[in-house]
Amino acid sequence: MSAMPREDDKDEEANRLLRSEPTSPPATTLSSPDDEEEDVAFEAREKILIVDLDSPESVDANAVPPFSWKKLWLFTGPGFLMSIAFLDPGNLEGDLQSGAIAGYSLLWLLMWATIMGLLIQLLSARVGVATGRHLAELCREEYPNWAKMLLWFMAELALIGADIQEVIGSAIAIQILSHGVLPLWAGVLITASDCFIFLFLENYGVRKLEAVFAVLIATMALSFAWMFGDTKPSGKKLLMGLLIPRLSSKTIRQAVGVVGCVIMPHNVFLHSALVQSRNIDPHKKSRVQEALNYYSIESSVALLVSFMINLFVTTIFAKGFYGTKQADSIGLVNAGQYLEEKYGGGVFPILYIWGIGLLAAGQSSTITGTYAGQFIMGGFLNLRLKKWMRALITRSFAIVPTIVVAIFFNTSEASLDILNEWLNVLQSIQIPFALIPLLTLVTKEQVMGVFKIGPVLERIAWTVAALVIVINGYLLLDFFISEVKGVLFTSVVCLSTAAYVSFIVYLVSHCGVLPSTWWSLLTKRIAYIGN
């Protein structure tokens, strides 16, 4: 008789640790007015049902089902949408500049940066699957109003900065493919229409949308693989670049750019929402673990494909331009022209192959940017807007400033390069405000239950996050030293930096990594200086 209460206690403890989704109704219930108050990433009718292939009688509810290729296929999709952020025009520009200036020497860093990015994205997926909610929703509940709104503002800024780069990249590709007939601003307007393409595709279900992205990724892979075959980079130098770490003072900026391009703040929010497109019961430990296993495989394959594409671009420009006088001036705007001058025409001119690959990269990344914007806005603000309205608002945030940029910078390659540097700085500034909340949540038992990460993985994750933040901090410092001039501008930058660092310290202190006394001492010190 005494054994029964202990069993009951164990069951109660297991139920406590397996966090449920109190605001989301089961798939079989009808929505009530109360349910309308809570924004969700995907409605129940939109989710893909994961069907057990075995008969219900033969399935152990507490055991993780055996591996199935058919189930892996059902889970395939979110990781490939996530991987597009590793292939956007900003990343391609970082790749070509790395190849042209550093040759093959930074390929090892590209590989390890992709592995670090994979770890961050797996943690993002873990949060989404285990809690049934995405990162923006969880941040809304985790932080006080002022911190929540500041995090939302930072996420929107990061998204706008990334979107401008992606739209400009698409516009450059359209300019190349139209043989210069269409100006940059016209390419921007054409790219803006992807918002309506996205809405059209969404009406046909998640799988149709994922299929379109698969076609775009395949287009990029084929385009850049074709260019790789045409230019015939050195296999020996490629292997040495991957296996032998090398870094010199002349290539430090390119090295920082390679790492900085991998972690895109909006992508961390995006992946935690995309994994909820599959119908997974967060109450069942075995089902959650099964989903995590399949998503880990799928995300790893997706980032392997993205790594190969980035590798192709880097080695193409390493072979063609490393050590040449064009190396220091090459960028996204003039890369196609330089390729044509170097390799000529042929049956399929390399200029147009580059344009097709760049267009696929730009279009796919702008559509995922629209997707991410919906989740960020809906999650932080809990807005129950129609999807077309949210997509239109999200797209307007980026398109309006991008059209202004396109009109003013249309005739100047140098100006576009300077703009791109500022946008990279904007991305770098936002990285802590995605990574720190993610690591805060994934290490909390109250949020994750039994799927909270262990101490070893926690240390590795914080080490990776700190490394990425420090590397991007170096990029910021280097940029501001060279660009910030004048007493007034310097004062504004210094005050902004103090506020920026204070908010980062608050976020780290909130998650318990730093003792709470550190934060109280810091706030007292700031108050003392203010008096």
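Just so you know, glycine gets a Cβ as well, placed from its N, Cα and C.
The compositional bias 'Basic and acidic residues' annotation in TrEMBL covers 1-19.
Taken from TrEMBL, the feature compositional bias 'Low complexity' covers 20-32.
Sequence annotations record features per position, and here TrEMBL assigns region 'Disordered' to 1-37.
Sequence-distant contacts of the transmembrane segment (72-87), counting only residues of its own chain at least 6 positions beyond either end whose CB sits under 8 Å from a CB of the stretch, comprise 48, 50-51, 114, 117, 121, 125, 162, 206-207, 210, 213-214, 216-217, 220, 262, 264, 266-267, 270-271, 274-275, 277-278, 291, 294-295, 297-303, 305-307, 309-310, 361, 364-365, 368, 371. Here TrEMBL flags 72-87 (among others) as transmembrane segment.
Here TrEMBL flags 107-129 (among others) as transmembrane segment.
Summarising the annotation, TrEMBL assigns transmembrane segment to 150-176 (among others).
According to TrEMBL, the transmembrane segment annotation covers 182-200 (among others). Here the transmembrane segment (182-200) has long-range neighbours at 167-168, 170-175, 209, 362-363, 366-367, 370-371, 387-388, 391-392, 394-395, 399, 402-403, 406-407, 409-410, meaning same-chain residues at least 6 beyond its ends whose C-beta is under 8 angstroms from one of its own.
Here TrEMBL flags 212-229 (among others) as transmembrane segment.
Per TrEMBL, transmembrane segment is recorded for 301-322 (among others).
Beyond the ends of the transmembrane segment (343-361), by six or more residues, the same chain brings 84, 87-89, 92, 169-170, 172-174, 176-177, 216-217, 219-220, 223-224, 226-227, 230-231, 320, 332, 335-337 to within a C-beta distance below 8 angstroms of the stretch. Under the heading transmembrane segment, TrEMBL lists 343-361 (among others).
Note on the transmembrane segment (367-385): residues 36-39, 41, 81, 84-85, 134-137, 139-140, 148-149, 151-152, 155-156, 159, 162-163, 166, 194-195, 197-198, 213, 266-267, 269-270, 273-274, 391, 393-395, 397-398 of its chain, located 6 or more positions outside it, place their CB under 8 angstroms from a CB of the stretch. The transmembrane segment annotation in TrEMBL covers 367-385 (among others).
The transmembrane segment annotation in TrEMBL covers 392-410 (among others). Beyond the ends of the transmembrane segment (392-410), by six or more residues, the same chain brings 156, 159-160, 163-164, 167-168, 171, 183-185, 187-189, 192, 195, 369-370, 373-374, 377, 385, 416, 419 to within a C-beta distance below 8 angstroms of the stretch.
Outside the transmembrane segment (422-439) by six or more residues, the chain places 90, 120, 123-124, 127, 135, 138-139, 142-143, 151, 154-155, 157-158, 161-162, 164-165, 257, 260-261, 263-266, 268-269, 272, 458, 461-462, 465, 468-469, 472-473, 475-476, 479, 500, 503-504, 507-508, 511 with a CB less than 8 A from a CB of the stretch. Sequence annotations record features per position, and here TrEMBL assigns transmembrane segment to 422-439 (among others).
What TrEMBL records for 460-481 (among others) is transmembrane segment. Cβ atoms under 8 Å from those of the transmembrane segment (460-481) belong to residues 116, 119-120, 123, 253, 256-257, 259-260, 262-263, 421, 424-425, 428-429, 431-432, 435-436, 439, 442, 453, 493, 513 of the same chain, restricted to positions at least 6 beyond its ends.
Annotated transmembrane segment per TrEMBL: 487-508 (among others), in sequence order.
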Seminar exercise, completed: For the transmembrane segment (150-176), the distant same-chain contacts (Cβ-Cβ under 8 Å, at least six residues beyond its ends) come to 85, 88-90, 92-93, 136, 139, 143, 182-188, 190-192, 264-266, 269, 332-333, 336, 351-352, 354-356, 358-359, 361-363, 365-366, 369, 372-373, 376-377, 380-381, 394, 397-399, 401-402, 405-406, 416, 420, 423, 426-427, 429-430, 433-434, 437, 503
Exercise. So which residues does the transmembrane segment (107-129) touch in its own chain, when a touch means Cβ under 8 Å and the partner is 6 or more beyond its ends?
Worked result: 41, 78-79, 82, 86, 95, 98, 135, 138, 238, 241-247, 255, 258-259, 261-263, 267-269, 271-276, 280, 282, 288, 291-292, 295-296, 299-300, 303, 306-307, 310-311, 314-315, 435, 438-439, 441-442, 447-448, 451, 453, 460-461, 464-465, 467-468
